[in-house]
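Engineer: The Zn(2+) binding site annotation in TrEMBL covers A:Cys92, A:Cys95, A:Cys132, A:Cys135.
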Protein chains: 2
Amino acid sequence: MSGLLERLRGRGWRMTSQRRVVAEVLDGDHVHLTADEVHARAAERLPEISRATVYNALGELVALGEVVEVATDGRAKRYDPNAHRPHQHLVCSNCGIIRDVHPTGDPLSVLPAEERFGFSVSKAEVTYRGICPSCT
Amino acid sequence: MSGLLERLRGRGWRMTSQRRVVAEVLDGDHVHLTADEVHARAAERLPEISRATVYNALGELVALGEVVEVATDGRAKRYDPNAHRPHQHLVCSNCGIIRDVHPTGDPLSVLPAEERFGFSVSKAEVTYRGICPSCT
DNA sequence: TCCTACGATGGACAGAGTCCAAGTCAAGAA
DNA sequence: TTCTTGACTTGGACTCTGTCCATCGTAGGA
C-alpha cells in the first residue's frame, strides 16, 4: 500500500469516484497494466466507467509523475505506479511478463559526451529481454 | 552504402521490384523510418506498391536480422537498417529525432544475477531521452 | 519459353488511443 | 445545507498502425 490516493488528494487532484477507482487499481508496486486492463478492473467496481475517462485519468497520473508509461513492445502501453524508485524493466520475450529490476550504477553515466551530439540528456530507459523461468 | 541489396540476394531473398525499392529506401545508416514513411518513399519510385507489401518486406528484413525494429514511443515502430553494429538510441523528447549512440561497456553487465529472477537475459535496449540542439 | 510456388495487391478488419459535444457532479461559497 | 460553476465523465465517432485474406501476378528454375 503506497498511499497513492492520499498523495493525489494532497496535491489537489479533484477526486471523483472514477478517478478513485483508477488510482486504487494502480495502487501497489509490481503492477504493469495496460489501459484496457485498468479499465476492466475499474469496471468491476464501477461498471459504467468509460474508456475515455480511464485514458484521461492515466494521462494525468503520468503528467503528475505518479505513474510511468512503459512501452516494452509495439502493442499497448503499460502503466507502472512504481514511479518513486528509479528502476528498469526485464521482459520475457515469450510471454511478455514484466519485472522491475535495479541495475547497478547510473545508465546515463556510460554515455560519453561525444556521443551526446549536443543533446541535454535527462534520462535513460533500459529494457532487458530474455526468457523467464516459466517459459524456459 | 552498405550493400544491403547484395547481402539479401546472396542469402537467396527472392528479389522483386517492390522488395528492391523497400531495401533501397532503407539502405544506409542513420535512417529511422516508420513503415508509412518507407511506404511513401517507396511509392515515389513505384507508385502502385501497397502498404501490405511494405509491411511484409519489413517483417522479413527484421526476421533476417538485416533491420532492427525500434519502438521509442507508443506510436509507429521505426526500422533501423544499422543492424550490424550494436548501438542504442538517443531520442529528442520534443521533436522525436533519433540518433544512434554507442555507450561504453555492455549494458547487460550491470544487471546483477540476483536482479535477473531466473530469466536468461539476452539483450538490453537503452533509450536515452533529452532535448536536441535544434529544440533547445 | 513455360510452370508454379512465392510474392503483391487492396480492401476489410482489429487494436489502441484521441476527440468532442452534451450531460453530470465535486467542492468551495454563501 | 443549498447553490453555483468549472472541471470531469460519457459514448460514439474517428484516426492511426498494423494484420489478414482471397485473388492476381511474376521471378526464376526446368
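Cβ from N, Cα, C; glycine included.
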Engineer: Hey, which of our binding-site residues A:Cys92, A:Cys95, A:Cys132, A:Cys135 end up with a Cβ under 8 Å from chain B?
Structural biologist: A:Cys92, A:Cys132
Engineer: Sort out the sequence-distant neighbours of A:Cys92 (Zn(2+) binding site) for me: same chain, 6+ apart, CB within less than 8 Å of its CB, listed by position.
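Structural biologist: Non-local contacts for A:Cys92 (Zn(2+) binding site): A:Ile98, A:Arg129, A:Gly130, A:Ile131, A:Cys132, A:Ser134, A:Cys135.
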Engineer: Sequence gap of 6 or more, Cβ distance under 8 Å: name the residues on the same chain that satisfy this around A:Cys95 (Zn(2+) binding site), in order along the sequence.
Structural biologist: A:Cys132, A:Ser134, A:Cys135
Engineer: Among all the protein chains here, how many other CB atoms are within 10 A of the CB of A:Cys135 (Zn(2+) binding site)?
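Structural biologist: A 10 Å sphere around the Cβ of A:Cys135 (Zn(2+) binding site) contains 14 other Cβ atoms.
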Engineer: Based on DSSP, name the secondary structure state of A:Cys135 (Zn(2+) binding site): helix, strand or coil.
Structural biologist: helix
